[in-house]
Amino acid sequence: MLASKRLQKELLKMHAHLPPGIDIVSTDDLKEWLMDIRVLDPNPLYQNEVYRLKFSFSKSYPIEAPEVVFVQDTNRPIPWHPHIYSNGIICLDLLDRQGWSPVHNVESICVSLQSMLTGNTKKERPPGDDNFVKYNTQRPRDINFLFHDNSV
């Protein structure tokens, strides 16, 4: 009940106004949304690219963070970034249990991810990406990442 009310409210606000570079793709239900983001500055790593995010909401949203991953399709790659695995899983404290706060919302997550990409200068994956993608069996919200690199 709390999740559906909050998501309906967020959706109304987003339909009225979204920051530049953020677009609603699909909000057919209150369990999963698709959003597109673009980096607006001239960062050559991300110039002219559009990235798709999948938000999955539990019944405990906004008390619990949504699960957010980048998804790949024919026109939307997974962005290269030292905190984004090649399967789309994002290592970001904002999405972690300890870093999440109910004051955040879909829009603020999109803006945070835009900012994270904007500041990046490294076309690389996190250390151990191949093994992580091959062997990880946990859902993104259940992974306990160690947040030690604030430079990207």
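Backbone N, Cα and C atoms are what each Cβ position is placed from, and that goes for glycine too.
Per TrEMBL, these features apply:
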type	residues	note
DOMAIN	2-152	domain 'UBC core'
ACT_SITE	C91	active site, glycyl thioester intermediate
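Per-residue confidence over the domain 'UBC core' (2-152) averages 92 (mean pLDDT, predicted model).
Counting Cβ atoms from all protein chains shown, the residue listed as 'active site, glycyl thioester intermediate' has 19 others lying within 10 Å of its own Cβ.
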